[in-house]
Amino acid sequence: MGCCCSSDYDEDWIENIDICEHCNYPIDPDSKRQQLIRNVSEVRDPLVSYEAMSPPCSPLQDKLVVALYDYEPTHDGDLGLKQGEKLRVLEESGEWWRAQSLTTGQEGLIPHNFVAMVNSLEPEPWFFKNLSRKNAEARLLASGNTHGSFLIRESETSKGSYSLSVRDFDQNQGETVKHYKIRNMDNGGYYISPRVTFSSLHELVEYYSSSSDGLCTRLGKPCRTQKPQKPWWQDEWEVPRESLKLVEKLGAGQFGEVWMGFYNGHTKVAIKNLKQGSMSPSAFLAEANLMKNLQHPRLVRLYAVVTKEPIYIITEYMEKGSLVDFLKTSEGIKLSINKLLDMAAQIAEGMAFIEAKNYIHRDLRAANILVSEALCCKIADFGLARLIEDNEYTAREGAKFPIKWTAPEAINYGTFTIKSDVWSFGILLTEIVTYGRIPYPGMTNPEVIQNLERGYRMPQPDNCPQELYELMMQCWKEQPEERPTFEYMKSVLEDFFTATEGQYQQQP
C-alpha cells in the first residue's frame, strides 16, 4: 500500500527518504498520486467511504524507528544499522525485531535496544523513557557525569507528564540530584515556572542550558549513557567451548574461576568455569533452564552454557566486579550512605522478583552481587548453591560453607527458604554499610553458631542509621515467618530518605 494522504507533496517528503510524514507509507515516485490535487471536485471527505478508490490507510500505521547506534551484523538473518538510519518494524518478537531499512530496502532482525521511535523524544540524548526517580539519581551520580548533568524522564505518577533531574552540589549533602516537575499546558506546551513557557521540551532544554533562571544550576551535558550490549541471539543456549575466548581472569572462587572473555570474537561476556566434579552436568542443565527464564534488570543475565565438563556459565559482563570488592576500592569507599542504601534497594528489588517467582537464592551475600559501570547492582549465582556436590560446602562443618550469612534453620536443619534468604540479606546490609567488612568480625564459624544459639545478634555498625539497623534485626528474627518480605524491604529502602525531604524542588 502506498501513501494515501491528500496534502502538499513538497511538504510531505522526509529528506532522502520517500516516506509520507502523515501516514508513514512510501510514496511511489511514478505514481500520479504525487501530483498536487488542485481540482476541488477531487477533494474528498475522509470520513466518507467512496467506491473505486484506493484502500484507506491502515488505522494501525507503520511503526517507524531510527537507529541510535551503528550495528554490525554478526548472525545469519540480522540486519546492519547505521546511526540515524530509519526502518519500518515488521514484527516485534522478544528482543530481536524484524525490520526493513528505508534506505536499502533490506529486511532482517535488529536489536530492539538499538532503535527508537521516529518523531518521538526517545532519540534525544537527554531523554530517558522508563526511568524511576531512584534510578535517575543513580545514573546522574555515576562516574562520568558532572555538576549540571541532567536528564528528562517520564513521570512515575502522572501519565503524560515529565520530570527534570539535575546533578547539583550541596554544601551539606555533597553531590546530589534535584528534581523538577515539568507541567503540561492546555495548549500542549510545557513549563517549570509559569513565568516562562515553552512549546516543546527541546525549547525548554535549550533555554535552561543557557540560563538557570531559578533552577539549582544551568543545564550542562546530558546524563552519560553507554551503548547498550546487543541482546543475546535467540537460538544460542548450549554453545561449543571453542566459541569462547578467555581474556582476563577476574577472580577465583570456591567452585572455579571467573573470566572476562568474548563469545564468537565480538560479544563481551563473563565466563565462569566450574571445577570438574563440583556439580552434576545434567542437574546443572536442568537448573540452568529455569535460571535463564528468570530475567529482570536486577538479576545478572544468564546467556548460555557449556554443559560438558568443565562446565562453563556465560553471563553478562559487569565492569566493576563483585560488590564486596568494589566497596573496598578508592571509588567504593567514598560512596555516601544515600548511595549505599540505593544499592541495597536495588538488591531488594531483585530479590523481590525472585520471591514473587517462588525461587530461592541460597547464597545471598555481597560476593554474589555484581556492579556495573553505572553502579547498578545485579544478583548473580542464584540457585547454584543447591547443585554443589562438595561436602566442604554442603556440610555445615565444611570450610567453604558460608556460615556467617546463613540462617540458623538452614545451618541446623538444611532448611532453605526465601525467609533464609531474608536473613542473609540482613547480613548483606552490614557488608554494605561497613564497606565490605566480613560479618561477625573476630569470630570463627563455630563461635558464630554458638552465639546465634544463645540469641546473639551483631551490634549496630558505625555510621549505620538506626532505622536501617532495626530492619536488619527484623531480618534476623528467630522464627522465619516473622521476617519481612523482600517486597516490603524494597519499599522501605527506596523511600528511606524520601520521607524527610521534598519529592520535588519548589517552582523557581
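Including glycine, each Cβ sits where the backbone N, Cα and C put it.
Residues or ranges marked as S-palmitoyl cysteine by Swiss-Prot on the basis of similarity to another entry: Cys3 (among others).
If you look up Swiss-Prot, you'll see Cys5 (among others) marked as S-palmitoyl cysteine, on the strength of similarity to another entry.
Taken from Swiss-Prot, the feature domain 'SH2' covers 126-223, and the record attributes it to sequence analysis.
Every protein chain shown contributes to the tally, and the Cβ of Ala252 (ATP binding site) ends up with 10 other Cβ atoms within 10 Å. DSSP gives Ala252 (ATP binding site) a strand state. Annotation source Swiss-Prot lists ATP binding site at Leu250, Gly251, Ala252, Gly253, Gln254, Phe255, Gly256, Glu257, Val258, Lys272.
The feature active site, proton acceptor is assigned by Swiss-Prot to Asp363, with sequence analysis given as support. In the three-state DSSP classification, Asp363 (active site, proton acceptor) falls within coil.
Per Swiss-Prot, phosphotyrosine is recorded for Tyr393 (among others), and the stated evidence type is similarity to another entry.
According to Swiss-Prot, the feature phosphotyrosine maps to Tyr504 (among others), an assignment based on similarity to another entry.
Helix first, then strand, then coil: DSSP counts for the domain 'SH2' (126-223) stand at 19 helix, 31 strand, 48 coil.
Rounded to a whole number, the C-alpha distance linking Leu250 (ATP binding site) with Asp363 (active site, proton acceptor) is 20 angstrom. Of all Cβ atoms in the protein chains displayed, 18 besides its own lie within 10 Å of the Cβ of Leu250 (ATP binding site). A simple way to gauge crowding: the CB of Val258 (ATP binding site) has 22 other CB atoms within 10 angstroms, across all the protein chains here. Across the structure, Val258 (ATP binding site) and Asp363 (active site, proton acceptor) are spaced 17 Å apart at their Cα atoms.
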